[in-house]
Amino acid sequence: MLLKELSALASPLNDQQIGQLQQAASELSPQQLAWVSGYFWGISQTSGATQPINQAAAAVSSQPAGKLSIIFASQTGNAKGVAEALKEEAAAAGIAVELFDASDYKGKHLAKETHVIIVASTNGEGEAPDNAIELHEFLQSKKAPKLDNLHYGVIGLGDSSYEFFCQTGKDFDAFLSKQGATPFIERVDLDVDYEAPAAEWRKQALDKVKEALASEAQSAQVVQLPVGQAAHTSQYSKQNPYTATLLTSQKITGRDSGKDVRHIEIDLDGSGLTYQPGDALGVWFENSPELASAILKQVGLTGDEAVEVDGDSISLQKALVEKYEITSANPQLVTQYAELSGSKKLEKLAADKDKLRQYSGNTQVIDVLSEKKAKLTAEQLVGLLRRLTPRLYSIASSQSEVDEEVHLTVGVVEYLQGDETRFGGASSFLSHRLEEGDDVKVFVEHNNNFKLPQDDNAPVIMIGPGTGIAPFRSFVQERDNRDAEGKNWLFFGDRIFTQDFLYQVEWQKYLKSGIVNQLDVAFSRDQQEKVYVQHRILEHAAQVWQWLQDGAYIYVCGDATRMAKDVHEALICVVEQHGQKTREEAEQFVNELRKAKRYQRDVY
């Protein structure tokens, strides 16, 4: 409400007080106004609530409270979630706190800060998340300011199965230290089961921040500052998922396809959950009871043994099915089991980081345990395992099209290991173990780094081979329902046209109606020489360049290991050739597209 409107309402202030407020407000920025509102609220809760306005204004200007700034660099939302929890805990502890998306934070402002915590995930091959590219580059440039007065902490999130584990967090730590900043707490690098150690680190960090701020400004009125960007609110979350209903699980690859890809439909009716194109759905799943039994047999346990999980005593069998990751191996598991079993093969792998990473990334837990049989205690077994985490799937529907449903495109992991068939955890849960009508626990993971342009007239280029097509089904449904005038160009690729053309009928319908203006496909095994989406991009290089000149946004979804790199290289070649630029200039041009959010990727 504007201050000038106060006089027309039943206000407890007299005209002189209103005039004083108007005068003070005219000289303050929006952030300062928000601070003042919190300051006055704090005064109202104390015995000094009758302090005159002019005295309060003087207090605001002469005794600003120290604050903690939290910056999150997040690709899929995990780092954002940790940062939001940190912000809430700081506010509850009476610490003035402000939360920033890294894309909204200007690096030069660090010189004015006293206490900062950065929560950073790592994208692809050690790259900064899209929302942190600009800040990441700034801090390693000559423009980075001296930060002698800054005290900082860093939480890195990652997956130890990858070579550049928590690299972005390590980078920020190094950048800040180089500029003279002092860590008030040691950086922590957290694996996929990060929740418990992250909570402990947050507690330690906030204890140190509270003590430091108290000593800096004993008399300052501590208030809570606003979050830099409004967060999505819902009663359901990763920690409190919604129990939804599976409506459909339909195979959409041909009977002779080497792949089993499912179109999944889930009912959200009554949940209040909302999502936008580009968001992901988190799915909590249960492990295969048969796999749990096989693991127990391999290590000489029955499953009846009691183990403590989250303060509760449950059977080991139940723990393996519901609480622990028993499908995918990881380097730590391989290294620890090498010690427990005395396996020479595993010991040799553990001594070579590259081979260890490759082995653990392509091997399931049961196959690691089968390298050499060893009898374990229940505690030793669960000590080897990570906690179960939900799987995130790109949402393949627009809510403007499907209303109270959410659709997924799930590639079922299934392959032979010797004489045994191995299955993926979440994908086999959704495709084989759940029946239509069964419950499934889900939550929405918002992704602000993969969003359609706000301008409906902007052209869009979508590159999504395989199940990477999922978000683009959502994009096109949304653009259709919004009557967006912008052109849409889809690149899709897979193995065989007759077996693996996902949602073929839908794309042909959209092409015929003009919603999709151009569709280019690459089926790698339909000819002797393999053809992939990056080849189609290069074939249409002149047209791609023209679309970029017309303001097109480029989106890439799918495999990070090869496809995303090859597409990135193809885009650089397009810019170099048709933009008449040097290689270095072309790389910079593509990088500027990313900074401007005109080149967005959801790769995994």
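Placed from the backbone N, Cα and C atoms, the Cβ positions cover glycine too.
Among the candidates ASP483, ASP494, ASP559, ASP566, the one that Swiss-Prot lists alongside SER524, ARG525, LYS530, VAL531, TYR532, VAL533, GLN534 as binding NADP(+) is ASP566. Between the CA atoms of GLY411 (FAD binding site) and SER524 (NADP(+) binding site) there is a gap of 18 Å. Taking the C-alpha positions, the distance from THR409 (FAD binding site) to SER74 (FMN binding site) comes to 23 Å. Taking Cα separation as the measure, SER74 (FMN binding site) is nearest to TYR604 of the binding-site residues THR327, ARG525, GLN534, TYR604. Taking the Cα atom of each, ARG391 (FAD binding site) and GLY77 (FMN binding site) are about 13 angstrom apart. Within 10 Å of the C-beta of GLY424 (FAD binding site) we count 21 further C-beta atoms, all protein chains included. Note on proximity: of the binding-site residues GLY424, ALA426, VAL531, TYR532, TYR604, the one nearest SER121 (FMN binding site) is TYR604, by Cα distance. Helix first, then strand, then coil: DSSP counts for the domain 'Flavodoxin-like' (68-206) stand at 58 helix, 32 strand, 49 coil. Here NADP(+) is bound by SER524, ARG525, LYS530, VAL531, TYR532, VAL533, GLN534, ASP566 per the record. The longest Cα to Cα distance in that group is 18 Å. Taking the Cα of TYR604 (FAD binding site) as the reference point, the closest of the binding-site residues GLY77, TYR162, SER524 is TYR162.
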